[in-house]
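Right, one structure below, let's go through it.
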Amino acid sequence: MFEITFLGTAASVPSTSRGLSSLLVEHGRQRFMIDCGEGTQRQLMASGLGFRRLDTILLTHGHLDHLLGLGGLAGTLNLWRATERLAIHAGPAPLRLARRLLEDVVWPDASPRLALEWRELAPGPFVTGPELTVSAFPVRHAAPDCFGFLFEETPRRHLIAERLDALGVPAGGERGRLAHGEAVTLPDGRRVEPEEVMGSERIGRRVAVVGDTESTDDLLEHVRGVDLLVIEATFLDQDRDKAKARSHLTVGQATALARDAGVGELWLNHQSPRYPAGAVEREARAGFGNVHVAADFDRVTVG
Ligand SMILES: [Zn+2]
Ligand SMILES: [Zn+2]
């Protein structure tokens, strides 16, 4: 199960209601922050999610509206000893920029207690665990070395609640062990095998997050069939010339990608204050049924 929390949904400059780009993807106890625009640490406080276990930051690209908050956030993580290490994953150019920000500006004279890990992204998987794989894929935008991210759960057979109830398996530890493929003995002495309570289908959720981008044809293969796609939609279709000139997408391009890729649920991010309330949503709904325009602190569960 994934939980995604939008911490900042503005394009380029913040507004009174939208912070600059950042969102959090949580899977079990693992947390991934994607982008860290100015003010992200305050958004994180306001969200109630807290700073614990925040040790991995992924950068989509090096534009300042996506990374300027890294200095302040890393400073606070270090001050509060909220984590012992902080891994920053980005393409070569944005990684150099983030490194200059932390090493030359935030800590020019002394090293932080926090162990900083600089991880250069290339296309392909870069987090591979028993439960989760995270991969990077290239994205075209007016900046070097841009990446999008695909989060994939390892497909597993799931417990069927009705069978558990019928057999009287209590909520708690027994169900957890069955989910991991272990047989359990109930308090009355009966033994329950995982085969008795598991469905045959293997299910693994998939979530894709794309930051700023100027094209969608190159993304199709990477986001095909995902349960949830987060992508920018900075302009309405009426402004497609501006979108092209500034290396961004229109709502129509984003919804067409979701249709063509057979995406389950679409969340539009990186919103411009230039449009009246509801305009982006109307255009989005005309293009794709299951679409949401992200607002700060929106939280969505995929599972
Ligand atoms: Zn941006
Ligand atoms: Zn950008």
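Yeah, the Cβs are placed from backbone N, Cα and C, and that goes for glycine too.
Small disclaimer: the values here were computed from a predicted structure and weren't measured.
TrEMBL lists Asp65, His66, Asp212 as Zn(2+) 2-binding residues, and of the candidates His158, His270 the one it assigns to that same site is His270. In TrEMBL, the Zn(2+) 1 site is described by His61, His63, Asp212, and among His27, His141 the residue recorded at this site is His141. The recorded positions shown are His61, His63, Asp65, His141, Asp212; of these, the one with its CA atom nearest the CA of His270 (Zn(2+) 2 binding site) is Asp212.
In sequence order, Thr60, His61, His63, His66, Val139, His141, Ala143, Cys146, Glu232, Thr234, Ser247, His248, His270 make up the list of same-chain residues 6 or more apart from Asp212 (Zn(2+) 1 binding site) whose Cβ falls under 8 Å from its Cβ. Screening the recorded positions Asp65, His141, Asp212 for a C-beta under 6 A from any atom of ligand 1 leaves Asp65, Asp212.
Cβ proximity to the Zn(2+) 2 site centre (mean Cβ of Asp65, His66, Asp212, His270, cutoff 8 Å) flags the following additional same-chain residues: Ala11, Ser12, Leu20, Ser21, Asp35, Gly37, Thr60, His61, His63, Gly211, Glu232.
Within 8 Å of the centroid of the Cβ atoms of His61, His63, His141, Asp212, where the record puts Zn(2+) 1, the same chain has further Cβ atoms from Thr60, Gly62, His66, Val139, Ala142, Ala143, Cys146, Gly211, Thr213, Ser247.
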